[in-house]
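All remarks here apply to the structure that follows.
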Amino acid sequence: MPNIPTISLNDGRPFAEPGLGTYNLRGDEGVAAMVAAIDSGYRLLDTAVNYENESEVGRAVRASSVDRDELIVASKIPGRQHGRAEAVDSIRGSLDRLGLDVIDLQLIHWPNPSVGRWLDTWRGMIDAREAGLVRSIGVSNFTEPMLKTLIDETGVTPAVNQVELHPYFPQAALRAFHDEHGIRTESWSPLARRSELLTEQLLQELAVVYGVTPTQVVLRWHVQLGSTPIPKSADPDRQRENADVFGFALTADQVDAISGLERGRLWDGDPDTHEEM
């Protein structure tokens with residue numbers, strides 16, 4: 001079993017890396033896949049209202065042999081539930097579906113700027129934290145100006161910003177802002193959706209050098225950037241492969257070379273324009 005380390009967020013709460021992305025893990029098979037991941041050492045399970053599998057995540061937590069206090073369950077508020085009161089109601093709904101007393105990390109899924117209620121939603125999440133419904137609060141797909149607004153208007157800095165991040169889109173400027181403000185970067189689609197990324201010659205060569213797979217090279221790159229990747233997989237062998245990235249270290253030049261593969265987003269997911277309700 002890989003030894004998956006924990007870190008501390010800016011609110012002092014523990015956080016684990018890597019996490020398990022649970023998108024499309026549904027039904028009994030989804031629950032079994034999540035339990036297998038927990039048994040393999042994963043401690044962070046990432047879900048969302050829009051994934052329509054919060055109940056399965058809760059079932060997996062209860063079915064696992066790991067104490068609830070050792071697990072970190074994260075969920076996300078969808079655009080259709082933005083607003084201060086609406087955010088609290090959304091979180092209560094997630095808790096009901098999860099069958100849990102508290103959510104460890106609550107995120108805003110997308111800012112949905114045309115709706116213009118992400119700041120009020122953030123205030124609602126602060127309310128939920130003060131009410132003991134959630135432990136840590138953060139955001140997903142927020143830009144630097146949006147983060148500045150949250151901090152300036154409320155005095156509360158997000159613990160996490162989960163964003164698209166992979167060697168084709170390393171987000172150096174945003175990561176630097178995160179580091180400056182103590183915001184943990186979390187990477188969705190960390191393997192670029194297993195596009196041609198894993199066939200890149202550089203990654204193939206580094207895999208040979210370290211006796212690992214190209215997937216492990218990429219996930220190790222995330223770790224050394226200071227970002228928590230959340231790859232998704234229902235296959236227990238692949239889950240173990242994805243978690244087993246702490247037995248080697250890339251050089252600084254190798255990290256920079258991987259970042260040099262940059263080409264842009266996988267799709268038109270610009271937070272300034274993208275809407276997801």
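If you go along the chain as it appears here, the first residue is 1 and each next one adds 1.
Each Cβ is built from the backbone N, Cα and C atoms, and glycine gets one as well.
Annotation comment: Swiss-Prot describes Y51 as active site, proton donor. Annotation for Y51 (active site, proton donor): spatial neighbours T22, Y23, N24, criterion Cβ-Cβ under 8 Å with sequence separation of six or more.
Within 10 Å of the C-beta of H109 (substrate binding site) there are 23 other C-beta atoms, taking all protein chains into account. If you look up Swiss-Prot, you'll see H109 marked as substrate binding site, on the strength of similarity to another entry.
According to its DSSP assignment, V217 (NADP(+) binding site) is helical. Taking a C-beta cut-off of under 8 angstroms and a sequence separation of 6 or more, V217 (NADP(+) binding site) has the following same-chain neighbours: L203, L206, A207, Y210, L250, I258. Feature annotation from Swiss-Prot assigns NADP(+) binding site to 189-242.
Looking at S189, Q224, the binding-site residues in this record, the fewest other C-beta atoms within 10 angstroms of the C-beta turn up around Q224.
Sequence-distant contacts (6 or more apart, same chain, Cβ under 8 Å) of R238 (NADP(+) binding site) comprise T215.
Distance from the CA of H109 (substrate binding site) to the CA of E196 (NADP(+) binding site) is 27 Å. In this structure, Y51 (active site, proton donor) is part of a helix by DSSP. Rounded to the nearest whole angstrom, the C-alpha distance between S189 (NADP(+) binding site) and H109 (substrate binding site) is 14. In sequence order, P18, L20, G21, P190, L191, T215, L219, N242 are the residues of the chain that are 6 or more apart from P231 (NADP(+) binding site) and have a CB within less than 8 Å of its CB.
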